[in-house]
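Residues or ranges marked as compositional bias 'Basic and acidic residues' by TrEMBL: 467-484. Taken from TrEMBL, the feature domain '4Fe-4S ferredoxin-type' applies to 255-286. The region 'Disordered' annotation in TrEMBL covers 465-484. Taken from TrEMBL, the feature transmembrane segment covers 35-53, 87-108, 160-179, 191-214, 344-363.
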Amino acid sequence: MNKPEPIKTEDQPLGLYAKREPVFNRRIDGKFRRLKWGIMVICLAIYWITPWIRWDRGPYAPDQAVLVDLAHRRFYMFSIEIWPQEFYFVAGLLIMAGIGLFLVTSAVGRAWCGYACPQTVWTDLFQHVDRFFDGDRNARFRLYKAPWGPSKIARRLAKWTVYLLISFATGGAWIFYFADAPTLHQEFWSGTAAPVAYGTVFVLTMTTFVLGGFMREQVCIYMCPWPRIQTAMLDEKSLLVTYKDWRGEPRGSLKKAEKNPGQFGDCIDCNQCVAVCPTGIDIREGPQIGCITCALCIDACDRVMAETGRPRGLIDYATLEDAEQEKAGQPPTRHLKLIWRPRTILYFTVWSGIGLAMLFLLGTRVHTDLTVAKDRNPPYILMSDGSVRNAYTLRLRNMEGRPRQMEIGIKGIPGAVMWSEDMGRDQASRSLTRTVPADETQGVRIYVVAPADSVEPEFTFTLQAEGDARESDEAEVRFDSPEG
Ligand code: SF4
Ligand code: SF4
């Protein structure tokens with residue numbers, strides 16, 4: 001019977017892109033496989049369940065725990081609400097995510113790629129679907145080689161239908177992050193959702209179907225920039241999945257090793273490490289860009305070592321420095337020591353510094369905001385009594401989930417008074433009060449008039465929300481007059 005051959009580096013053409021060789025990875029059990037199961041379940045659960053978690057923010061705000069409310073330009077995450085002018089929080093989160101990836105890479109190598117990257121998680125899921133419909137490695141290979149007939153067509157159709165269902169659930173879940181999930185769910189199935197919702201689901205369903213179902217490891221090898229960036233970031237102290245060639249070579253079957261005692265290393269050339277690899281590579285050829293460090297080959301080899309009565313760890317997490325030490329017969333560095341080294345401490349310090357700064361800003365930010373735009377044409381109006389009038393548009397922002405009274409005041413220009421468009425000049429004063437609805441911005445057009453003898457080129461608008469002295473804001477503005 002023909003068996004699938006491992007993809008060898010020297011067999012691959014030197015072109016920019018190699019035609020995909022299908023990978024028929026074998027089922028394996030072990031501590032890393034169980035870890036991958038756990039992380040996969042957690043990642044998928046977070047992705048699918050999060051939009052359905054409710055969070056009470058009172059009657060004026062949505063009750064979805066995590067929501068990107070594009071219509072009202074808000075981002076909600078549990079008790080945090082981000083307004084568009086606070087986008088620096090989102091930028092901070094993205095920077096933290098980037099530095100977090102650097103931190104993880106320098107501490108534990110490509111752990112992100114091997115365990116938590118969406119491409120890895122969905123490819124893993126689809127490979128389990130393959131096994132469910134087509135059997136394990138050899139059965140899948142036989143089916144792949146078999147001519148097309150009713151049985152093969154039926155199996156393929158059934159499998160691709162499940163791929164499509166998973167892809168649809170993936171694309172479908174995404175849109176629930178952008179609108180109230182129960183409402184959108186009802187609208188989606190009754191055909192009354194916005195066309196963009198159907199378009200988004202279609203695009204994401206098809207990309208999941210193609211990337212997870214068919215392209216798989218090609219995405220990691222050819223499309224994703226992260227492996228290249230990581231390669232540049234790895235150093236001699238980075239943890240990699242390593243084949244200990246000094247212990248395994250020269251490799252030879254058990255029979256050969258028994259016939260020639262002492263002439264062979266620990267590797268019995270059983271190819272189990274290759275058979276379980278989800279990207280189809282042979283780790284014995286050294287570190288490769290196709291290795292996502294999922295550690296399934298460690299599980300496979302540890303099992304072989306146990307069965308043949310040899311110590312585990314012929315393939316193991318190790319650093320290049322460890323490899324040199326072990327080769328020289330010295331004990332490897334403890335993994336904890338590798339994690340706490342200057343580079344990781346630097347990344348961690350920067351990462352946690354940004355996190356603490358954001359927490360501080362979140363804890364001390366006020367929910368009252370004032371922006372002012374001055375009329376430029378005309379810049380001022382000279383009144384019949386010699387006083388000078390300027391006009392402004394104020395935007396009062398109430399970022400709390402309840403209506404609030406806010407007092408607008410003038411600081412500077414002695415004798416200046418103001419009134420709004422819906423008042424008469426006879427009611428002009430140094431302050432006026434507005435009620436701003438919950439979670440809204442209210443525009444107010446204000447006229448400020450200053451006596452001719454006390455005109456100053458600048459003054460300040462103040463905004464004070466009732467009941468909390470901390471809840472205030474101010475904006476310095478120009479005051480134009482014939483003097484300049
Ligand atoms: S599983 Fe271990 S023993 Fe078998 S070929 Fe791979 S490295 Fe050698
Ligand atoms: S070589 Fe090992 S660690 Fe690398 S991708 Fe394959 S199974 Fe995972």
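Cβ atoms are placed via backbone N, Cα and C, with glycine included.
DSSP states for the compositional bias 'Basic and acidic residues' (467-484), grouped as helix (H, G, I), strand (E, B) and coil, give 0 helix, 7 strand, 11 coil. Residues 119, 122-123, 125-126, 160, 163-164, 166-168, 170-172, 174-175, 179, 184 of the same chain sit 6 or more residues outside the transmembrane segment (191-214) yet have a Cβ under 8 Å from a Cβ within it. Within the chain carrying the transmembrane segment (344-363), a Cβ under 8 angstroms from the stretch's Cβ atoms is held by residues 80, 89, 92-93, 95-96, 99-100, 102-103, 106-107, all 6 or more beyond its ends. Within the same chain, residues 75, 80, 226, 230, 233-235, 238-239, 338-339, 343-344, 347-348, 350-351, 354-355, 357-358, 361-362 sit at least 6 positions outside the transmembrane segment (87-108) and bring their C-beta atoms closer than 8 Å to a C-beta of that stretch. Helix first, then strand, then coil: DSSP counts for the domain '4Fe-4S ferredoxin-type' (255-286) stand at 12 helix, 0 strand, 20 coil. Looking just at the domain '4Fe-4S ferredoxin-type' (255-286), the mean pLDDT is 93.
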